[in-house]
Every structure is written in structure tokens, then in C-alpha cells.
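Following: one structure in C-alpha cells, then a few remarks.
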């Protein structure tokens, strides 16, 4: 089942070649003002995303993990330009978004799948109308858009004859999420942001959808940003992984490297908190205690020092930059930064306790 | 033979849209089906249709001239020979006057609501979708009107505009714009936060297209239900304006006005004096019941 007529939505040219990152994000900042301080009170802000930089390489799956409230979903919405960033820039395949590449053209190449499969489908539209809407916005004729919707339904494993004329409430969560994926693919994007796209599905359906995502990626040459709090799923699907903590990148690197040898104590703690299949390996006490600090007033220095077992006085003073290490792994920890003043600093130290 | 041929064809979905797509009944089909199974709402609907027919064909139905009085037959009781529902303070036939009165009463009760529905929805949906400063400007202006009790506002507005049918209609419309705008704003704000609106924005659609395709279909239903519930309020307010002399002028028959002119007869002919009120009551309760039925018909989750 091949997608018919890919010609009517011309693909953006692959300008920079394979070495050029598909999307390069620099110093992305988004602060949300907090209400309740009175009319003239000093405006407090939630530092939801506070200076995040990373690259998404062509054809990879970049996982984004972290606790609730660490800025994962805000980052996704910023990438999608659903909310406006306070500062920072994005370069999509060599073109600056908003300057060289206008927003409409950018949005055609970047699509998103949301967590809530029901809320992300208009209850008054049939499945085919929902899928065909995007292409029609970009000038594809109604008949062609409908034909495309039918092809995509078949591609995501839903028989077009049975499902095209149905309404979202008549379908199961897994079916709806397949439809959301089909809708995202209807614009023939190059980058798909999956914001907790499988988190609300039950395990067997989740596995099916993950396999579908892998197949679609190979077939259409997609690049994924996979946001999840489920580390097992992330481990299964991603090529590289980015760990976020309180609006900042804590660690980023190749999946096996980060999962095998985490350099940031937060990553180590997250990994240690994963449920174990082996009863002997189960941890008796929680590796991380308490809630993350308030992002309205984040801790000074390293934001993780309040919960870090290896924190030293210097950690509350100096904010660690993302330090590159071997294997293209980067960690924002003073223990990874030579000469930072931390007793374990000079040589990179195994952070996992 | 035909079966195997059919099976052989299924796995190759043609890009041309086929006619064999299973179509689910649309949302409104379901609403109408549920509404048609609601006995109370259907009875009320029949009552409204009868009232409308009565108003439209009043000259043919009414047994007598509604404005022809007789000084000898003032304030006759119900069942008086030649006057099935009695006679009013000027000896005019009550039945004919009630039938003719439905024309103006229904006009004044029903007209302001659709007009206010259009204006209020426009304001509310704009405020809800755009948000921010636009929302504040529109909604705070609306709140100023909302601060007055609706009766007071209607009386003040038509008092300022002057008595007369048109002015009464204008003031009633203005009274109903703020509450409809409020409902529209809150429903739109709610819908706007849903992921399918974000998904539509992410597909690069412009605001106009998103409102038309994704917002209106999900927002107009609840606003419409609310608006239908205002018809009965409008009926009563319109009668009230006429009662106060701000709507219809005598000798035009109108239920509210009739209630006013007959109020002095409440001790001599209480049954006759109450008749216009009974008509207002029946009409407004019928509209309320249809509105209730519509709400529960639309409220089914699945």
C-alpha cells in the first residue's frame, strides 16, 4: 500500500545533506507569567524552558525524558510553534525558522501527535475529514485529500471502507491514535513530534503502535522526537536521548551510552527508578526523593543540587554547562567538567551510585 | 464466485474514493432521533407549531373582529353566548383577541433571540478564540450590560429609545446579547484549549478556517440550546414591556398588553383577566421544554 501521488505536496529540498541537523535548536527560552501577585506585583515567572539547545539529526529518533513539569511538553509545543518562544532560534535544515523559512512552510514539514487521542480529534468531523483537513489547508483539492486520507488509513492499519466515515467516539484509543498518526503524516512531514503519543494506550496496543511508528519511519524517511516518561519505551525506540530537568538539558547522547553509562546523577537516578523485571535487582528505596523544586524559583547553580547525593558546595554556586564527553555524550554536571572545583571533577567520574 | 471476487478486491484500496465507505450517522441526525423519542419535547413542539399556525392564520380562525367592541357586553364571563372565552373591558371577543394577540406576542418573543444569537455568538466566539486583550475588551463591555437585571435593562433601553414595537424588539435584542456572548465565550475558550485545535494550527491553517471547521461545529450547539431557553424569557419580557406601555400600543391585541388592560377587572372577571397570562405561560413553558429536550438530546456523550 503505497501513498498515492506524493507529488502534490512537494517535499522541502534536503539542502544540507545528511550531516546537517534536521532541526537545530539554540537557547530556547519560555517563561510563563504567574498570576496572583496583584496588579503591580513583581511578575513571577515559571521557567518552563530555560535555555535549551539541541540538534535533531536526520533520520534519527530523539527521545526526550524527564519528570512531570520538566519542560518536555513545553519544548514540544515550542518546536511546533504552538506557543511563541521568548527567545532562542530554530534552524530547520539550514533555514532559520521565521526568517528564511516561513511558519506555514515549516509547519508542513513538522507535525505533532498528541497524548490524548480523543481530544486531538474534532468530534464533529469524520475520520477522513479530520485527516484530509491538513492537505486541504495547503491547497490540495478535496477529492485528492480524501483519497490521500484513505491511503493513509490503510497504511496505519485501518481499513478505509470501514473507518473513513466514522466519528472519533466510535473508535478505540489505539485506533484513534493511529488516525492521529495518519493525520500527522497527511502533510508528508519530515519531522514528527510524538508528545507522549503512546503513553495513554494499554501495553499491547502501545507495542503495536510503536511498531507501526518504526515501520512508517523507515517507509517515509521520517525523523522523530519522541517525548515520554516511560523509560522502557524510550530505550526501545530511540537512537539518542535527551534528559531534561527543570527546563534545562541535563544530559544528551546516544541511547545505549546514556542508558548504559549515565554521566549526570539525575539520569542515573531516573534509570534506577525504572521498574525492574528481575526481583533480585529491585531497589528497596527510592533513588530520588521529593518533588522537583519549584520552577518559579529554581535553585542556584546546578538545578539538581538540592536532590543530588553527590552535591558539593560548589554545585550551588556554579551552573554547569553541557560538557561534551567521549561518544558524543554531553552532561550538564560539574563532575563531568574538568577543573570545575568538584572533588570528582577532573576525570569523568561514574555518576551512577 | 462473487464472494471470492469481493475478497480479492478488498486488500487493494483504490486511491479513488469508493462509494462503499461505511458512513456513520452524523451528530445532528442522532440529536434529532433522540429528540423525536422524547415525548415531552415532542408534545411541546406540537404546541409551539399549533401556536404558530394559530398566529399565522389568525384572521381565518378568529370568530370575530378583535377590535370591534360593544359597550353593552363588557366583561362577560367565559361561556357567555357569542363569546366563548368571554369579553374584555371594552366588550371585545376574548377568543379572537387571544388568537390575534399571538401574532405580536410570538413576534416579540421569538425575533430578538435569533438576532441576539448571531450577535452574541459573534462577539463571544471572537473573544474566546482570540483571547488576551480582545477578550478583555469585549467581555468587560458585555459585563457592564450584564450587571443590570434583564427586566430593568429592557425597560431602561426601550424607555430611552421610546415606546413602539421596533424599539421594544431592539431593546430585547440588546438584553439578550450579553448572556449569549458569555456562554459563547466560555464554550469557545474551552474548545480552544483542546488538542484538535492545536493540531489544526500545527497543520498551518489560518484562524478563519479553524473557526469555521473546528470551532463552530462544537460551539454553536451549546449556544443554540441556551438561546432556545431565552425564548420564554423573551416572551415574558416582551409582555412586560407591553404591560408597561413600552411595547405594543392599544388597541393592538397583544397578550402582555391585554393582561395590563384587564388587570382592573381581576375582581369582577378573574378568569377572563387571567387568560392572556395563561397563553404566555403555555407558550413559554413549551419553549422551555423543547429547549430542555434539545439539551438532553445533545448531551449524550457517546
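Each residue, glycine too, has its Cβ placed from N, Cα and C.
Because TrEMBL annotations are produced automatically, they should be read as predictions rather than curated entries.
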*Between B:191-215, B:266-290, which stretch does TrEMBL give the note transmembrane segment?*
B:266-290
*Which one of B:3-22, B:23-42, B:43-62 shows up in TrEMBL as transmembrane segment?*
B:43-62
*Examine the ranges B:70-96, B:151-177 and name the one recorded by TrEMBL as transmembrane segment.*
B:151-177
_Considering only Cβ pairs within less than 8 angstroms, which of the stretches B:43-62, B:104-131, B:151-177 has the most against the transmembrane segment (B:223-246)?_
B:104-131
*Top Cβ-contact partner of the transmembrane segment (B:266-290) among B:43-62, B:104-131, B:151-177 (pairs under 8 Å)*: B:43-62
